[in-house]
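Going by TrEMBL, these are the annotated features:
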- 15-39: compositional bias 'Basic and acidic residues' (COMPBIAS)
- 100-372: domain 'Tyrosine-protein phosphatase' (DOMAIN)
- 291-363: domain 'Tyrosine specific protein phosphatases' (DOMAIN)
- 15-48: region 'Disordered' (REGION)
Amino acid sequence: MLTFFSKKEHPLKLQEKEKLEKSGEKMEVEVNEQEKGEHEEEDKVLEDMETFEEIARELCKDNEDKKEVEEGAVQKERQLKPIEFLKALVKDNDSFQEYALEQFKEINEQEEERQELEEYQCLRALEERSLNRYYNILPFDKNRVELQDTRLGQGDYINASYIVPSYDIPRVYIAAQGPLRNTIIDFWRTVVEQNVPLIVCLTPETEKELEKCARYWPVGEKEMTIREGEVMVKLSNKEREENYREADCMIRKISVSFFYQKKIVKQVSVVQLQFLGWPDHGVPHKPNKLIAFIKLARTYYEDEKPILVHCSAGCGRTGTFCVLDCSEYFIRNQPCPHDPIACLTDEFRKQRTTMVQTQSQFNFCYGALLQFLDEVEQ
């Protein structure tokens, strides 16, 4: 079971109450109007607990038991809010490592169990091996992006998946692999057909002399032209690209024109944000640049339009970006008993394989989420 927070009374406080009741004493509680301080509160949560596994086990029983919890000031004082749980969780590094290791292991095991189910087949992707960057990172048939406008190119396949979070989180993503040289037109077909306002690029073109993503965007003032049969795509920068150092990224505003039989059939503008500080299979050195990057990306979100997010394979860095973006919104707008990192990682893996690919990326999400929440509150 993935861990849930709870609205039940803190177990240490329940033990204290039982002792007082046995001795015949009445429990009196004073509710302070202001908190005594962040560190004092965290220490109170951590007192006498050997690991946060114990907290999680004690606190996940709320659905059936919460009716038995007394109402009033005692209950309010002794609840653990999600942000308090997260702060306490990451404070003790050994306990956090144990907790995160167990959660990630369970998510991996659940994904492995799903692989044999018909719902998670990738039959169409297996028919188009030359269009996949990695043989083992394929979109599920059930939610793959299907290309339809034949004026923009032939074939319906691209290695890309719709990612839709639950919990009323207002996001729709398209998680895609970094284009191959022979799939650049299909990549731009996806942008045009799906009305994508923003491309989030989380990879450089090459890492350690290996291609991670074919360059699909124009550089400088020079126009970029791609031809395939009777289809031609012209790309140009509407403005000079900007190096936005606060978010460690490049900002490009690109004009896209599709021609079929020498006649223009589609013309759109799209923003591309390319994050520069994230190695493959790794994590950013510090979360602050990625947080600034997500905040910048949000200024380009448009209601009900999908955001196209890609790295090289379209799962590790891509999944981490999506989980962090959604979990901050989730906790801030809909406080509830769920651990958003574990729940969203598992949910997104039901839509694309190995989203949040490594243990280090999974662990990174917790610390980054806490810093993100603190910055939003300031």
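For all residues, glycine too, the Cβ spot is worked out from N, Cα and C.
Predicted automatically and left uncurated, TrEMBL annotations should be read as such.
Across the residues of the domain 'Tyrosine-protein phosphatase' (100-372), the predicted structure has a mean pLDDT of 96. For the domain 'Tyrosine specific protein phosphatases' (291-363), the number of residues in each DSSP class (helix H, G, I; strand E, B; coil) is 41 helix, 5 strand, 27 coil.
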